[in-house]
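Notes follow the structure.
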Amino acid sequence: MSRGVGRAGAGQGAAAALQLLVTLSFLPSVVEAQVTGVLDDCLCDVDSIDNFNTFKIFPKIKKLQERDYFRYYKVNLKRPCPFWAEDGHCSIKDCHVEPCPESKIPVGIKAGSSNKYLKVANNTKELEDCEQASKLGAINSTLSNQSREAFIDWARYDDSQDHFCELDDERSPAAQYVDLLLNPERYTGYKGPSAWRVWNSIYEENCFKPRSVYRPLNPLAPSRGEDDGESFYTWLEGLCLEKRVFYKLISGLHASINLHLCANYLLEETWGKPTWGPNMKEFKRRFDPVETKGEGPRRLKNLYFLYLIELRALSKVAPYFERSIVDLYTGNVKEDADTKTLLLNIFQDTKSFPMHFDEKSMFAGDKKGAKSLKEEFRLHFKNISRIMDCVGCDKCRLWGKLQTQGLGTALKILFSEKEIQKLPENSPSKGFQLTRQEIVALLNAFGRLSTSIKELQNFKVLLQHSRDASYCLVGEGDLQVNLTKK
């Protein structure tokens, strides 16, 4: 090889190394640079949420989710899809949900009433009778007058309550307890037309999309040319606050679910032993600003907005659980007391957050118009909760139902402030109630958001490490170039 050719090759190698350095170092920093600052439609910033979640919320909510009261969730995964004929359930093994044997469920949880967290209902004899009873009249024959009045109040309230979610009937033979710790949310391989149709129905039919907007809102939809990217979202600014909030909640929920899948991805399987962990390529595909044409950071900011909404709901519902009458009952007296102490500690933290979303800014206009808009908001979200029964993967359906129910419960709390303020200290409330199913969904859904934000921090660290590694690789390349020159 001639010296001229050698110098040319060395020069090209140095240029290529420099280009590699620029490319690898730039892409990771872009995610950090764009997912920062103050969130739209509120006065809170990303960094404040990161710090608050990392040092106050995440360690405690993770511990709470491991408690018996919150780890067992009763759900019906066999309800038929109400909107279209199902293609059949996913046959991928990771889609499977393992129901919990009846013998493993704490006696206080499986005793029959969905509201089994009040002390007036926690009598062992009553629990056994309730388990056998199928009608309210049968329960009435064994309960004290105070307990009977409580159950009547609960039934009356449930019949009249405007729920944001379609709740499963826990008395249905198809409803089963699931141990959430043994059925973690992670990548299952569920995708294709079935998954696309679910998200398409959610975005296109329920997110208040203007008729003038032709491009699909669904991130899974194929590219549509010039309408792609950040510029597409100018239509969102033309919506009223309530409809913008609705879209951000759904987008944030979708981003959170995607983060869980990226963070718990099946990396390899050797001799039947799977290895789960973070998948950087999958994360970039869903959130990198270059690969998503600027939409990835917006989706992640919507995750922070959703976190803020559910955080506000927890701070507002604290008085409900602070009453002495409320006892998160499983039958284990010591653990139940510890669980409530931990829960109240989390509530105290949520109330200490200084930059809460102001829900009073919503539905604040003309009373008649505000009432109509609120009802439309509620029905759209309730419809989305019904769409969860169309998810073909059982594990995806489980976590989809739980997280939509958790968000629906949060919305129910935010718009029940007056009823919560009037709660009696030592008797059940006639104006506001939460079932155990709602309580478990609320705290686990918020736990999922807390985990998502924590996982996002982990991905930022991994991105930084990849950037540092790129410097090392380029350094080695420069050394080789210098040796060639000599």
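Glycine is no exception: its Cβ is also placed from the backbone N, Cα and C atoms.
Caution: TrEMBL annotation is automatic and unverified by curators.
Look at TrEMBL and you will find Cys393 tagged as active site, nucleophile. Annotation source TrEMBL lists active site at Cys396. For Arg186, Thr188, Trp199, Ser251, His254, Arg286, the entry in TrEMBL reads FAD binding site. As annotated by TrEMBL, disulfide bond applies to Cys90-Cys95, Cys130-Cys165, Cys393-Cys396. The feature signal peptide is assigned by TrEMBL to 1-33.
Of the listed binding-site residues Arg186, His254, Arg286, the Cβ environment within 10 Å is emptiest of other Cβ atoms at Arg186. Of all Cβ atoms in the protein chains displayed, 19 besides its own lie within 10 Å of the Cβ of Cys95 (disulfide bond). Annotation: no recorded positions among Cys95, Cys165, Cys393 have CA atoms within 10 angstroms of the CA of Ser251 (FAD binding site).
Every protein chain shown contributes to the tally, and the Cβ of Trp199 (FAD binding site) ends up with 20 other Cβ atoms within 10 Å.
Of all the recorded positions in the record (Cys95, Thr188, Trp199, His254, Arg286), the one with the smallest CA separation from Cys393 (active site, nucleophile) is Cys95. Relative to Cys396 (active site), the recorded positions Cys165, Trp199, His254, Arg286 all have Cα atoms farther than 10 Å away. Here the candidates are the binding-site residues Arg186, Thr188, Arg286. The one whose C-alpha lies nearest to that of Cys95 (disulfide bond) is Thr188. Put simply, Cys165 (disulfide bond) is 17 Å from His254 (FAD binding site) when counted between their Cα atoms. Just so you know, of the binding-site residues Thr188, Ser251, the Cβ with the fewest other Cβ atoms around it within 10 Å is the one at Thr188. On the backbone, the CA of Thr188 (FAD binding site) and the CA of Cys165 (disulfide bond) stand 25 Å apart. Cα separation, Arg186 (FAD binding site) to Cys165 (disulfide bond), rounded: 24 Å.
For the residue listed as 'active site, nucleophile', the number of other Cβ atoms no farther than 10 Å from its own Cβ, over all displayed protein chains, is 24. Counting only residues at least six positions away in the same chain, the Cβ atoms of Phe381, Lys382, Ser385, Thr404, Gln405, Gly408, Thr409 sit under 8 Å from the Cβ of Cys165 (disulfide bond).
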